[in-house]
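> Provided herewith is a single structure, encoded as C-alpha cells, for subsequent inquiry.
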Amino acid sequence: MYGIEYTTILTILISIVLLNYILKSITSMMDFIIYRFLLVFVIVLPFIKAQNYGINLPITGSMDTAYVNSTQQESFMTSTLCLYYPNSVTTEITDPDWTHTLSQLFLTKGWPTNSVYFKSYADIASFSVNPQLYCDYNIVLVQYQNSLALDVSELADLILNEWLCNPMDVTLYYYQQTDEANKWISMGDSCTVKVCPLNMQTLGIGCTTTDVATFEEVANAEKLVITDVVDGVNHKINITLNTCTIQNCKKLGPRENVAIIQVGGSDIIDITADPTTIPQTERIMRINWKKWWQVFYTVVDYINQIVQVMSKRSRSLNSAAFYYRI
C-alpha cells in the first residue's frame, strides 16, 4: 500500500515538473516569435508608405492641373507677376529706378511691390524656344520689328505652349509628323527649309529625292520656322545647316499662366485686340506703338483685366491659347 502511494505521489510530481517545462518552452517559443515579428516589422516600417493620397506631379513652370480662375475676387497678395521686356527698353528709359516706379503703380492695382518682377531678354527668338517663366502670371512684351524677319504668330505658338523637342539629323533620316501637335521647329540666322514628300517606296511625290531643286520650299531666309506638313507621310528635308538648326517637337499643351502683348509698329492700325477697347477673352493682345512708358502705363492700368483670362500656374490641355497686342 505504501508502495502504491509513493508511486502515485512520484507520478504527480513528475507530471507537474513536466507540465512546468512544457509551459516554459511554449512561453519561450512565443516570446521568440513575437520579438522576431516585431524586429522584422521595425526593419520594414521605414519602407512602407501606408498613406499615399497623392501622386508626384512634374512642375515645368506650371502645375499640370487646371485651376478655376478666381482672380476677379483675388487681392493678389499670394500671387506673383513677371513682366518680360526687350533690352531696348532700357535704351529709351534712362531712369535707373523705373522698375521701382512701376512697382508702386502696380501696388495701386492690388499687387504688392514684392510680388512683381521685371526681367529683360536680348533675343525674342531664343527666348521663345526655351522661355524661363518663373511667376504665377507671366506677361511677355514683344516689340514688332520688320527687320527681325519673325512671324509673331509662330513666336506666340512657342511661348504660349509647352513643347518637347529632340534634334533631327536630316542628312541621314526621313521624318514624318504623327499628328497636329507634331511640328518641326527651325531656328538660326537664316533658315531656308525645303521638303520632299515620299510614297511607300520612298520615292518622291512631285519631287526627286536626289535633286534639292525639285523640293517644295516652305521657308526662305527666316530666323524662326515652324514647319507643318501632311501627317503620316515620310519627308526628305533640306535645310541650311550652316546657319540653322531643326528639331522634332511635340506640343504638350498651353501655358495658361502666360500672356503675350505685342507692341505694334507705328504703321499698323489695329484695335481688334486692344485691351483698352475690346474686352479680352483670349491671352493675346496688341497695343500700337507708343513710347515705352505709355506701354507700361497701359499694362498697369489693365493688368487685372488681363489676368482674368489667365489661369494661375496652370496648364490645361482644353484651354485656348492667349495672346495680346498693344
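Glycine too: its Cβ is placed from the backbone N, Cα and C atoms.
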> If you look at what Swiss-Prot says, which of Cys82, Cys135, Cys165 makes a disulfide link with Cys249?
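Partner cysteine, according to Swiss-Prot: Cys165.
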> Using C-alpha positions only, work out which of the binding-site residues Asp95, Val229, Asp301 is nearest to Cys191 (disulfide bond).
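Spatially nearest to Cys191 (disulfide bond) by Cα position is Val229.
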> Within a 10 Å radius of its Cβ, which of these recorded positions (Cys165, Cys207, Val229) has the fewest neighbouring Cβ atoms?
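Minimum Cβ neighbour count within 10 Å, taken over the recorded positions Cys165, Cys207, Val229, occurs at Cys165.
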> Measuring Cα to Cα, how many angstrom lie between Cys244 (disulfide bond) and Cys207 (disulfide bond)?
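Cα of Cys244 (disulfide bond) to Cα of Cys207 (disulfide bond) measures 23 Å after rounding.
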> Helix, strand or coil by DSSP: which one applies to Asp301 (Ca(2+) 2 binding site)?
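It is helical.
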> Which site among Asp95, Glu216 has the most other CB atoms no more than 10 Å from its CB, taking these as binding-site residues?
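Within the set of binding-site residues, the most crowded position is Glu216.
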> Starting from Cys196 (disulfide bond), work out which of the binding-site residues listed here (Gln177, Asp231, Asp301) have their Cα within 10 Å, and give them in sequence order.
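Neighbours among binding-site residues: none.
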